[in-house]
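Undergrad: Provided herewith is a single structure, encoded as structure tokens, for subsequent inquiry.
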There are 2 protein chains.
Amino acid sequence: MKEICVGIIGFGTVGRGLAETLRIQQERLEARIGATIRLKTVADIACKSLPEEFAGVTLTQNATDIFTDPEIDIVVELIGGIEPAKTFLLQAIENGKHVITANKALLSTHGKEIFEAAVAKNVEVGFEASVGGGIPVIKALKEGLVANRINSIKGIMNGTANYILSQMTEHGTPFAEVLKEAQELGFAEADPTYDVEGVDTAHKLAILMTIAYGLNVNIDHINIEGISSIEPVDIDIAREFGFAIKLLAISNNHGDNVEARVHPTMVPHSHMLATIGGAFNGIHFNGDTVTDVLLYGPGAGMMPTGSAVAADVADIARNILSDSVNRVPALSYQPERMTAPVITPMSELVCAYYFRFTVSSEPGVLAAIATILGKYNISVQSIVQKELGEDQPVYLVVRSHDAQESAVNAAMAEIRVLDACLAEPLKIRILGAND
Amino acid sequence: MKEICVGIIGFGTVGRGLAETLRIQQERLEARIGATIRLKTVADIACKSLPEEFAGVTLTQNATDIFTDPEIDIVVELIGGIEPAKTFLLQAIENGKHVITANKALLSTHGKEIFEAAVAKNVEVGFEASVGGGIPVIKALKEGLVANRINSIKGIMNGTANYILSQMTEHGTPFAEVLKEAQELGFAEADPTYDVEGVDTAHKLAILMTIAYGLNVNIDHINIEGISSIEPVDIDIAREFGFAIKLLAISNNHGDNVEARVHPTMVPHSHMLATIGGAFNGIHFNGDTVTDVLLYGPGAGMMPTGSAVAADVADIARNILSDSVNRVPALSYQPERMTAPVITPMSELVCAYYFRFTVSSEPGVLAAIATILGKYNISVQSIVQKELGEDQPVYLVVRSHDAQESAVNAAMAEIRVLDACLAEPLKIRILGAND
């Protein structure tokens, strides 16, 4: 039986997940692909020895051993971060290796350079695991929904942020406390910035937009807000209003321009994205032909991510065996059809808003705020006032009808400088029932 | 630019959906595939003329014109039913054409013959649209989840049945009335047997099991029960118990044997399948590597089905262009690895049950039924009694703990012949919280 050789750079959680997957699924992959997938070499600077079940696999501290091995067909980069991951990927491509990466930070920053290098050397770049963990979302978008203009992308793409919001929702625990628990349980990184501030979600949105629209979208195109300002009171009031608060990636395709935003969002309880709890991911596409499709599954984890990387291995192995490399362009569109995006300015966004104002408990505050909102044509749908206790500030929560973001920002700027306004106003965008 | 020519047999709803999709998405498909997909010929015995937007397309009443046209690469069969669809597909294959079909009845009955013929002639068989309408579920299973032992398949795969149950749930309308409405609205066929009796769902389950497990499963392997015995009262009591009633396809993979069943099922409200309403489909897989994945979308309809068939066209076009036909085996496993299934007998199933007994309102009935249940080790979790009015029968609803189906059937046989038992007892299987 023919053999396809794989080298892995980085033997952390995902690297071990892939090695385990290839080991456990060896026979199944043979039965499906008609060839043996052989893990030949692992490169890791910290790993002293491989577990005994990988007895036949070579361990090296030098990634170059993998690029320069003529037997190795596919190089899998699983170290994360920009460097040396980028250099390794480019070296592997330069050496004519097919490459696979789960590195969304790298792809959404230097993706263009990597994909162009791969086209020049006629090798494949697999990146199924970069978005949605084990969910086969990249393949669905590139192949399953190929005959669609994607009208919108909406998704919960970061398990840590969703876990934190879910715990806050279920137990009413404040953000900082849930984050600390999540870190102790290993669900959140020691430095959780990328997860809770929306950066990781933005990396993923950039990748999805690129292949959905055929536009070279990168992280700098995405408008990003995180979830650290959300308090249990917001979650409670949202629930009363009929919403769950989720950290969403959102892109509506307006043709001439495309939205690119990541922010906490009020999602109507009737929307499937509202039902996705814990560390799971859910990614929703609206296509002009297919209408609404949602893919749900584990957005991270050793084995689920291993499943996605192994699917890339199988895909590339099949192309090697049938001599059909780049049968599907890495970015879904033929390279010469890729164009630059025009991103819709956030100021042009129109949606309903949730505002939380922290104000002093004194007469006239409501009138002052209402006057400013009215001045900017922000019409109020409902108001909730929450007393925090004697001599404490008051939360004034306003749910608006549709308003334009530029007007909202102008109103916030005026409200923020009122004497009675004691803290930065919080605004959360509301997803429409038909969105 | 290279051209791939398509012929469509059957210009009904799906045929028109495909033609429309190929027309509207022409430029996008070119940008993605790097070739033009050209609809060359439509064969339909009833269609007198094609709409004017298909001016360049030939219309014929004779399907043979398509098979024998040397320019046509891909033949799409969209007439449904067994014959002449089967003969057409085999003739197309015999003429060296790649074929695509959305015909689940045919594939789950004569699939083996068709797939073997295609292997012999080295042509492709695309059938993405046969399950889950526009949802790219076949591709997800064959490629995205390739590195998984699929442990279970659970799904809502018939939009008509789900629409009827959803309407019954929302409005409390009886089955027959909702069905009539659905027929008037065009959501249900004039002969709804296949949809409401679970046969269509079973066709789809047979196809999914085949590619998930590498087993030659056909419609005769599936245990089938429909939804026509469900009454609004069952839906109401289910809701009180914390369940939605859904027509599910279920297959648990026990290794030596596999479950294959379609029946109304009590689904816990916390399960994502419980949230899928209307005519939508949702298909859930548990894989040993990926854990839980759910795909949601439109299970039918002209354009969504067109999206799925067009994805098959694109897939096969790419294989033609890169000379990699049968790069992925049609049934996911290499043909020589396909084996015969051993189906778990329904009598061995163990789950919790919902029973509705229609009994006369007289003393001792409850005791008689409880005694029979006890005799067969069916332990009662809760009982609800519903009076239907004076001189009317009484509904006695029992929710059991886990019990074995063989014992349940024996108990039902004894209860059914009690004098006080006025109608056939209804049993609905309950999905466990961890299923």
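Heads up, the Cβ atoms here are built off N, Cα and C, so glycines get one too.
Remember, predicted model here, so these are calculated numbers, not experimental data.
Sharing the features that TrEMBL gives for it:
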- A:K204: active site, proton donor (ACT_SITE)
- A:K104: NADPH binding site (BINDING)
- A:E189: L-homoserine binding site (BINDING)
- A:354-431: domain 'ACT' (DOMAIN)
Undergrad: Using Cα coordinates, what distance in whole Å links A:K104 (NADPH binding site) and the residue listed as 'active site, proton donor'?
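TA: Between the Cα atoms of A:K104 (NADPH binding site) and the residue listed as 'active site, proton donor', the distance comes to 6 Å.
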Undergrad: I want to verify one value. Collapsing DSSP to three states, which class is A:K104 (NADPH binding site)?
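TA: Once the DSSP labels are grouped into three classes, A:K104 (NADPH binding site) ends up as helix.
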Undergrad: How far is it from A:E189 (L-homoserine binding site) to the residue listed as 'active site, proton donor', counting Cα to Cα, in Å?
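TA: If we compare the Cα positions of A:E189 (L-homoserine binding site) and the residue listed as 'active site, proton donor', the gap is 18 Å.
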Undergrad: Taking all residues of the domain 'ACT' (A:354-431) together, what is their mean pLDDT?
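TA: Averaged over the domain 'ACT' (A:354-431), the predicted model reaches a pLDDT of 95.
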Undergrad: Run through the Cβ atoms and count how many others sit within 10 Å of the one on the residue listed as 'L-homoserine binding site'.
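TA: Result for the residue listed as 'L-homoserine binding site': 14 other Cβ atoms within 10 Å.
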